[in-house]
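Taken from TrEMBL as is:
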DOMAIN    A:9-286  domain 'UvrD-like helicase ATP-binding'
BINDING   A:ALA30, A:GLY31, A:ALA32, A:GLY33, A:SER34, A:GLY35, A:LYS36, A:THR37  ATP binding site
DOMAIN    A:287-565  domain 'UvrD-like helicase C-terminal'
Amino acid sequence: MYSENNLLQGLNDKQLQAVTLPHVSALILAGAGSGKTRVLTTRIAWLIQTGQTSPMGLMAVTFTNKAAKEMLTRLTSMLPINTRGMWAGTFHGLCNRMLRAHYREAGLPNTFQILDTADQLSAIKRVMKVMNVDDEKYPPKQVMGYINSCKEEGLRAHTVDAYDGHSQKLREIYDAYDQQCNREGVADFAELLLRCYELLEREPHIRAHYQQRFQYILVDEFQDTNRLQYLWLKLLGGAHNSIFAVGDDDQSIYAFRGARVGNMSDFQRDFQVQNIVKLEENYRSHSNILDAANAIISNNQNRLGKNLWTSAGKGEPIRIYDAYNDTDEAQFIVDEVNMLQNEGVALGDIALLYRSNAQSRILEHTLFSSNIPYRVYGGLRFFERAEVKHALAYMRLIGNANDDTALLRIINFPPRGIGARSLEQLQEAARQNECSLWQAATNKVGEGKLGSKGLDGFVALIRHMVDQAYGIALGEVAEMVTTVSGLMAHYQNDKEGEDRIENLKELVTAAVAFSKQDLGNHHNMEEDADLMTQFLNHASLEAGDHQADVGHEALQLMTVHAAKGLEFHTVFISGVEEGLFPHEQAAYENGGLEEERRLMYVAVTRARQRLYLSYAQSRMLHGQVRYGIASRFLDEIPAELTKRLNSKPVAKSYAAGGQYTAKPGVPPVAHSSYPFKIGQSVRHGKFGEGVVVSYEGNASDLAVKINFGSAGLKTLMLEYAKLEKI
DNA sequence: GCGCTTTCACTTTTT
DNA sequence: GTGAAAGCGC
């Protein structure tokens with residue numbers, strides 16, 4: 001049997017203090033590798049085991065499904081209890097659950113569908129077309145960003161400020177978009193949160209119900225919450241409940257998508273937080289790595305303040321490699337990986353991190369030619385694949401034919417002769433009758449006015465599917481849809497359709513598995529939706545894994561963002577260059593440089609034993625050669641913690657960006673008549689140190705362009721400029 | 001209406 | 001270098 005002692009055994013003083021806090025709100029500042037998840041799950045287990053609450057009284061909120069799952073898995077290994085009564089999940093998942101339970105009060109149809117980002121964008125494009133908005137002046141992606149950030153601030157079209165013609169137009173589009181979503185009975189991701197927030201705010205009895213129920217609310221990754229998520233928590237927390245917020249301001253790397261680190265200090269103020277527990281003992285890395293991370297992050301001004309320490313030894317020095325170019329960098333990494341493997345380090349315990357996805361190509365290429373198995377995280381996930389989304393769109397139409405987004409996706413796929421022309425007529429008819437596209441289509445067919453033969457066939461097809469779907473199991477619906485729609489046949493005729501057919505089959509398997517899993521669960525009385533709606537929601541809210549072939553030993557490739565929360569024996573951070581890391585487009589933004597620095601902090605703290613940092617003097621990016629200098633973050637690491645593998649450190653100053661793209665046409669290689677190679681570091685009496693970027697003019701009158709970092713980009717006449725190689 | 005060719009832009013990302 | 005979107009010819 002489990003005893004309380006057993007549960008709390010092995011916790012350090014701070015962890016123990018956090019786990020056993022009384023029923024008050026608390027902020028746990030959990031540094032990287034300080035046992036954050038353990039504290040969170042042990043707290044839950046302890047609350048239940050000591051009888052302070054039952055699973056029913058608990059709500060645990062995370063950002064990703066993965067984090068939610070991990071928490072539940074760990075919890076069940078700690079306590080032999082059923083966690084079913086506990087609400088654990090993502091903000092979106094929990095809001096969805098509440099909206100389903102109170103769909104009438106929330107003003108939604110009981111089968112409302114969730115738009116993912118791609119669906120939302122196409123819905124916005126549609127609204128803009130109807131409104132005749134110039135998409136050059138208002139790029140749909142920007143409009144989407146505007147709408148989502150309004151929603152994440154808790155603002156509706158009628159509450160948001162507009163100062164000029166431009167913002168008034170945006171507000172108008174926002175309003176029309178929301179109306180369209182209501183008409184079609186769909187909700188985007190941000191809408192789930194905002195709608196739920198408004199529901200709780202508007203309906204005192206619903207709010208009271210959840211406030212009474214969830215006496216204990218636990219929030220993971222609190223530094224990543226946005227304004228609306230914070231307001232939602234505040235509403236649920238009410239006046240008496242305890243919110244146990246766990247986070248790390250130094251690992252806040254999602255400001256670009258609305259995360260507000262300021263929520264941490266607001267929380268302290270709004271909830272009169274007396275208990276701030278700092279978890280600073282790190283159980284992951286050796287001290288050289290932690291000292292480097294501490295040194296880097298200490299350059300940030302806006303911090304709550306925290307210093308990681310470990311009782312492990314200094315460990316290995318941080319290895320720094322100065323590569324000639326990106327190929328050289330990749331080859332260096334390959335050589336080191338081979339060496340590590342010979343030393344017995346498992347390939348899966350080695351990570352290769354980069355700032356932006358574009359960097360992975362050259363790395364993959366080099367790994368491939370060296371026969372090193374690797375796995376790239378990122379890219380399309382299962383439920384985001386085109387063929388899968390097509391099949392899901394047919395299923396959505398079966399459930400709700402008024403879902404215009406779904407209809408537009410497949411009205412002519414596979415191709416059935418409904419082109420832009422007939423579509424426009426259909427949309428015009430729908431506009432005039434203020435009805436859905438489906439209703440407009442059935443009207444046309446009913447009147448015998450065949451806009452096109454294809455339309456007739458389409459209406460018949462969907463009706464046939466609705467008939468077929470009646471009374472059969474979810475898996476059978478999926479199977480029927482993939483064949484009757486003609487998707488299977490279409491991809492069978494396609495030379496490259498093999499993978500797509502596999503994915504469609506996989507979708508059927510997933511649907512079958514989903515029904516079984518659902519039968520196993522007690523049906524939740526609060527959830528009214530039918531199984532297919534639930535399955536479609538599952539597909540939207542949990543887009544599936546990032547194609548990871550588990551089991552195969554492979555080197556792990558991912559962006560630094562994707563690496564957050566993970567740890568590895570060895571970590572390579574590549575492209576540690578000005579302009580790339582910190583990224584030039586981030587460095588200019590307000591607070592952008594500090595976020596880049598936190599990103600570097602996250603990257604460094606992923607390593608347990610060994611850390612490599614590498615940069616390249618030149619690299620191919622966006623089809624052009626770029627010349628860079630080493631990142632300022634490298635200089636922020638005390639030299640005694642590092643080991644330069646091939647060159648000496650050079651003191652320099654930095655410009656924002658610090659990189660320059662050579663003009664096309666300028667030879668990227670050294671010319672015999674040029675005294676300096678492109679990429680050569682030089683010293684100038686007035687401007688200091690810089691990098692040769694390009695040559696201009698003819699041989700008799702040659703000018704050289706040099707990037708002097710903080711002194712800027714200068715074009716100097718070679719004849720007069722006194723330049724010294726360094 | 002469909003498919004091929006050209007053009008353009010391009011950090012980070014979960015739900 | 002690459003993928004998506006727009007433009008053009010059949």
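Any Cβ shown, glycine's included, is placed from N, Cα and C.
Automated prediction, rather than curation, is the source of TrEMBL annotations.
In the structure as shown, the Cβ atom of A:THR37 (ATP binding site) sits within 10 Å of 16 other Cβ atoms.
With the fewest other C-beta atoms within 10 Å around its C-beta, A:ALA32 stands out among the binding-site residues A:ALA30, A:ALA32. For the recorded ATP site, residues A:ALA30, A:GLY31, A:ALA32, A:GLY33, A:SER34, A:GLY35, A:LYS36, A:THR37 set the reference point as the centre of their Cβ atoms, and the other residues of that chain within 8 Å of it by Cβ are A:VAL39, A:ASP248, A:LEU279, A:ASN282, A:TYR283.
The candidate set comprises the binding-site residues A:GLY31, A:GLY35. Of these, A:GLY31 has the most other Cβ atoms within 10 Å.
Residue environment of A:LYS36 (ATP binding site) contains 23 other Cβ atoms, counted within 10 Å of its Cβ in all protein chains. Across the domain 'UvrD-like helicase ATP-binding' (A:9-286), mean pLDDT in this model comes to 92.
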